[in-house]
Amino acid sequence: MPQFKEVSKQSGLHPKPAGLVLQYGTAGFRTNAKQLDHIMFRMGLLATLRSKKTKATIGVMVTASHNPEEDNGVKLVDPMGEMVTPTWEGYATQLANAEQEDLLAALQDIIKKEAINMSQEANVFVGKDTRSSSASLSQAVLDGVSALGGHSKDYGLVTTPQLHYMVCCQNTQCKYGEATVEGYYKKLCQAFIQLTKNASNCTDDQKHLTVDGANGIGALKVREMESHLKRELHISLFNDGSKGKLNHQCGADFVKVQQKPPTGIKMNPGERCCSFDGDADRIVYYYADSEGQFHLLDGDKIATLISTFLKELLTQAGLDLEIAVVQTAYANGSSTNYLEDTMKVIVRCTKTGVKHLHHAAQEFDIGVYFEANGHGTVLFSKAAEEKIQRLAENSSINDERKRAALLLQNTVNVINQTVGDAISDMLLIEAILAIKGMTIQQWDAIYSDLPNRQLKVKVSDRRVIDTTDAERRAVSPAGLQEAIDSLVKNYREARSFVRPSGTEDVVRVYAEAETQESADALAHDVSLAVYRLAGGVGGEPKPLH
C-alpha cells in the first residue's frame, strides 16, 4: 500500500523514544511536551482511521488544559462532538506505545479489527491552545493526517469546547450551527442577547463581570467575542496572557483547590468573578463579602442554579419533560438534599469522570451535569428540543407560556451541548442571574455547603480498593466499608467514601460533616483505616490539627 510508504517515511521524522509508555485516559494523553511529538503524529494517523471508519469528520485537540505551561496533551473528538469511545481509547494507547519498527503492524491491526475501507475519504479538524509547544505539536498531528491521505482543516488557536462544537456542526450538516469560530460567537451571543431582553432594568453595575482567563486560550476568545455581546455584558478581563504564565496561580483549578482568588485580580466586595481553566472547558464563580471573606460557587452551585431555572420555565411553559441533575460522589450533600427535597428534581449519581456524567445525562429529556470542579453542561433530548420548538412557534398559547417557551428555546441555543464550555456556561449563568434579578450572594445563599475535607493516602497498590454504588461504597479490602460506616456514625450529618486514584498509587478520601472540625477529624479517621487495611506506605497519616 503506497500510503504505508508515506507513513514509514514520515514516522521517521517523529520518532518514539524507546521504552516510553503512555496511557490514553479521560483527558487523552498528557505529559511533558518534550515527550509528545511521536504521539501527535500517531494521533493524526488514528484520527484519519477513525474518520474513515465513521465516514465523518473527527477532531484532534492539542492541549493540556489546567496542567502547567511545560506540559501538553492531545485528545480525539468523535463525530457528535463527544469523547472518543473506550475501544478507540485502547487503540490510541496501543498505537502510541508501539516501538518505531512495529508501528505499521499496529496500524494494520486496527484497520483489520475495524474492517476499515482505506479508500474511504477522511476529514480531520485540528485545534490548539496557547502553549509555546502547541504549534509544532499540532503540525505533527497534521503530518499524521496527510501521511494516510486524509484531509485536514487547521483551526489554529481555539478553546477545546470550540473544537468540539466545530466537529458537531460539520457532522450535522450545520444543523447545530456554522462550523466557524465566528458562527460559534454569533449563535451563543444572539441567544444570550435574546435571553437578557427578559431582564427588567439591569443596571451597568449588574452587567459587570470580572473574568480570570488563566493566561490561556479562553482569554483570547473572550476578547474576540466581546463585540458580539453588544454591551449586554461588561467584562473586565484579568490574567489575559499578556504577561502571566498559563495556569500559574490562576485559573479555575487553582481557585477551586486553593479556595482563594487568583493572583492578578482586583476583587471589590460583592462583585461577581469567575475563572476559566487553561483550555476553557471549566468555570467556577466566586466573590468576596463585605468582611473580605472569600466565597466559592463551584460546579454543584452552578448545576443547582441552572436546573432550578429550567424547572421553573418548564412549569411556566406547561411542558411535561423529565429533568435530572447528574452528580458524582464528590457533590456536596447539601446540594443533593436541596435538589431532591426542595426542588423535587431527580438526582442521579455516577462514577467520577465526565464521560460517565455525560452518558447518564443522555437518559433524560433534560440532563444537567457538572463536576464540582466546574466542568459541565446541559443536554436536551431530540424530543425535548422539538417540543420546546413547537411550543415557541405556537401562536394560540397564552403570554406566560409563550415567554417561557421562548426563554427555553434561547437557553438551548446558548448552551454548548457537546462538552463543558466555560464561555457558554458563563453566558448562561449571567443570563439566569439577570432574568431572576439575583445577586451572586443570593445565588450563594440557595443552600449552604456542608464543610468537607479531601485527603490522599499513599498505598503500595491502588488496585486493592474496589468500589460500587457510583464509588460511594468500598467492596474491598475486607472490613474497610464496615470501618467507614462505624466512623461516620460518630459525627452529625456525616458521610465519607474512598476511591483509588486513576493515575497514581494513592487512595482519595472524602469526608463531610456538620462542622469543619468534624469533617477534618472524620477524614483523618478514615485515612487511618485506609492506611491500616489497604496497605498504606510511609508514615501513618497525621491528624490535621
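Cβ from N, Cα, C; glycine included.
All annotation found in TrEMBL is predicted automatically rather than curated by experts.
Keep in mind it's a predicted model, so treat the numbers as computed, not measured.
Listed in TrEMBL for this protein:
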- Ser65: active site, phosphoserine intermediate (ACT_SITE)
- Ser65, Asp277, Asp279, Asp281: Mg(2+) binding site (BINDING)
- Glu371, Ala372, Asn373, Arg499, Pro500, Ser501, Gly502, Thr503, Arg508: substrate binding site (BINDING)
- 52-88: domain 'Alpha-D-phosphohexomutase alpha/beta/alpha' (DOMAIN)
- 105-167: domain 'Alpha-D-phosphohexomutase alpha/beta/alpha' (DOMAIN)
- 182-284: domain 'Phosphoacetylglucosamine mutase AMG1' (DOMAIN)
- 298-437: domain 'Phosphoacetylglucosamine mutase AMG1' (DOMAIN)
- 475-527: domain 'Alpha-D-phosphohexomutase C-terminal' (DOMAIN)
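Cβ proximity to the Mg(2+) site centre (mean Cβ of Ser65, Asp277, Asp279, Asp281, cutoff 8 Å) flags the following additional same-chain residues: Thr63, His66, Thr159, Thr160, Gly216, Phe276, Gly278, Ala280, Arg282, His375, Ala422. Asp277 (Mg(2+) binding site) and Ser65 (active site, phosphoserine intermediate) have their C-alpha atoms 7 Å apart, to the nearest angstrom. Taking CA atoms as the reference points, Asp281 (Mg(2+) binding site) and Asn373 (substrate binding site) are 10 Å apart. For the domain 'Phosphoacetylglucosamine mutase AMG1' (182-284), the DSSP-based tally of helix, strand and coil residues reads 35 helix, 16 strand, 52 coil. If one looks beyond the domain 'Alpha-D-phosphohexomutase alpha/beta/alpha' (52-88) by at least 6 residues along the same chain, the residues whose Cβ comes under 8 Å of a Cβ in the stretch are 26-33, 36, 39-40, 43-44, 46, 114, 116-118, 120-129, 131-134, 137-138, 141, 150, 160, 163-168, 170-172, 214, 217, 245-248, 251-253, 277-279, 281-282, 354-355, 358, 417-419. It is 298-437 that, among the stretches 105-167, 298-437, 475-527, forms the most Cβ pairs under 8 Å with the domain 'Phosphoacetylglucosamine mutase AMG1' (182-284). Highest local Cβ density among the binding-site residues Asp277, Asp279, Asp281, Glu371 belongs to Asp279, counted as other Cβ atoms within 10 Å over all protein chains shown.
Local packing around the Cβ, expressed as the count of other Cβ atoms within 10 angstroms, is greatest for Pro500 among the binding-site residues Pro500, Gly502. With a 10 A radius on its CB, Ser65 (active site, phosphoserine intermediate) counts 26 other CB atoms from all the protein chains.
In sequence order, Gln454, Leu455, Lys456, Val498, Arg499, Pro500, Ser501 make up the list of same-chain residues 6 or more apart from Arg508 (substrate binding site) whose Cβ falls under 8 Å from its Cβ. For the domain 'Alpha-D-phosphohexomutase alpha/beta/alpha' (52-88), the DSSP counts in helix, strand and coil order read 6 helix, 14 strand, 17 coil. Ser65 (active site, phosphoserine intermediate) sits 5 Å from Asp279 (Mg(2+) binding site), taking the C-alpha atoms as the reference points.
Looking at Asn373 (substrate binding site) and Asp279 (Mg(2+) binding site), their Cα atoms lie 14 Å from each other.
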